[in-house]
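What TrEMBL says about this protein:
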type: BINDING; residues: 95, 98, 135, 138; note: Zn(2+) binding site
Ligand SMILES: [Zn+2]
Ligand SMILES: [Zn+2]
Ligand SMILES: [Zn+2]
């Protein structure tokens, strides 16, 4: 399967299904790059009148249920991306010139065990790693 089904993900995580939630989740599943709440809002409002507060509430639920990751990339805007099997944990690159955010290759077994080792007696709920600099267009 090359894409998760919105309905099945919501069902599997016992998340209440609403029209707005399925639409928002579907955009996250289809996007290859992290999106901000504003970008998601613009994308859903093409087809229906869902307000920004609804988008924020849905995203909060998705993060709690492990369907999405919240990324604190530049300390201001929060970005969201799918957290299903099609999008394993990875670091992000943030261009300090143009603001572009890029997903890097997924962490392999070695990197993952390194994180586990660093936090040995702790319970990890999320790992965020942001590499900053200039992207290839801005060098
Ligand atoms: Zn998926
Ligand atoms: Zn750039
Ligand atoms: Zn990413």
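Note that Cβ sites are derived from N, Cα and C of the backbone, with glycine treated the same way.
As the structure is a computational prediction, the values presented were derived from the model and not from experiment.
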Can you tell me how many other Cβ atoms are located within 10 Å of the Cβ belonging to residue 138 (Zn(2+) binding site)?
12
Zn(2+) site, defined by 95, 98, 135, 138: further same-chain residues with Cβ within 8 Å of the Cβ centre:
96, 97, 99, 100, 134, 136, 137
Taking the Cβ of residue 135 (Zn(2+) binding site) as the centre, count every other Cβ atom within 10 Å, in any protein chain shown.
16
